Amino acid sequence: MRPLAIIGPTGSGKSQLALDVAERLAGEVPAEIVNADAMQLYRGMDIGTAKLSVAARRGIPHHQLDVLNVAETATVARYQQAAAADIEAIIARGHVPIVVGGSMLYVQSLLDNWSFPATDPAVRARWEECLAELGVGELHAELARRDPAAAATILPTDGRRIVRALEVIELTGQPFAASAPRIGAAQWGTAIIGLDCDTPILDDRLAVRTDSMFERGLVEEVRVLLRAGLRDGVTAARALGYAQVLAALDAGGGAELLDDAREQTYFGTRRYVRRQRSWFRRDHRVHWCDAGATGPSDRAAMVDEALRVWRHVT
């Protein structure tokens, strides 16, 4: 059974559309949803990731949610293997897999069946020591000297990816980009729907979303997760919202600091949306839908369009 992937920037309505599509399909064939949001892999990271509660999932099975502790490191390779196994099992049951998320590398690794360059713990450890000693800025400069193209695509603050790029360059003797797969036919013949809308509309949604997260208890969620090991999490502690609240709490946790954390979360999410758009828009396989209008008739029309594309992929 051919999968459907629903991708796009944060706040575009992907989870809602996935539920609507699954419900529409229910009279014809059961559907199951596979998460492709890296931070929703973590147990307890609910408010800040806009994770659907069990009650909000409408009885539709969901996979790749709440599979990691916050102290564990999420990796694209591990996700790809686990999510692909979920999809294969869903197809074997005669059900439709619906992949939903906006984590760029996670989505593409799954749909393009990436193979990952080997890793060497000793080489990785040496570069991690350099990161600790020199700082992320100097290590990014080193990457720029060795592979300018890779440095241009990796944020100067993303120490983990900088270390990985330098490791791959050292092990393969080739530029980091040489190990990146090209966009080809989507695995399993997956139909890909992209949701987006005009920037002012999405910015307004992100503002409402950010305010709602803080009002619903994001700060307390971070406090609880700190007791579960959040500070030790390489990936979880860097998540948007969580990193900002953690920094505010470390600085004293006063109202002004938390207000600043809220503002930084909003602007950080806007920057992330720009990266998501840039990444996904280069994929010629995506059928884009305008998600600016959200009335009942608009939602029904998006379901119609998603199913039309899903039924006609060859």
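Cβ from N, Cα, C; glycine included.
Every protein chain shown contributes to the tally, and the Cβ of SER15 (ATP binding site) ends up with 21 other Cβ atoms within 10 Å. Look at SER15 (ATP binding site): DSSP puts it in a helix. The ATP binding site annotation in Swiss-Prot covers GLY8, PRO9, THR10, GLY11, SER12, GLY13, LYS14, SER15, and the record cites sequence analysis as its basis.
According to Swiss-Prot, the feature substrate binding site maps to THR10, GLY11, SER12, GLY13, LYS14, SER15. Sequence-distant neighbours of LYS14 (ATP binding site) (same chain, 6+ residues apart, CB-CB distance under 8 A): ILE6, ILE7, GLY8, VAL100, GLY101, GLY102, LEU195.
The feature site 'Interaction with substrate tRNA' is assigned by Swiss-Prot to SER103 (among others), with sequence analysis given as support. Under the three-state DSSP scheme, SER103 (site 'Interaction with substrate tRNA') falls in the coil class.
ARG124 (site 'Interaction with substrate tRNA') falls within a helix when secondary structure is assigned with DSSP. Its Cβ taken as reference, ARG124 (site 'Interaction with substrate tRNA') is surrounded by 16 other Cβ atoms within 10 Å in the chains shown. Look at Swiss-Prot and you will find ARG124 (among others) tagged as site 'Interaction with substrate tRNA'.
Counting every protein chain shown, the number of other Cβ atoms lying within 10 Å of the Cβ of GLY11 (ATP binding site) is 25.
Neighbour counts of Cβ atoms within 10 Å were compared for the recorded positions THR10, SER12, SER103, and the top value is held by SER12.
Listed in sequence order, the residues GLY8, PRO9, GLN16, GLY102, LEU195, ALA291 complete the 8 Å Cβ shell around the substrate site centroid, once THR10, GLY11, SER12, GLY13, LYS14, SER15 themselves are left out. Annotation for the binding-site residues GLY8, PRO9, GLY13: lowest Cβ count within 10 Å of the residue's own Cβ, GLY13.
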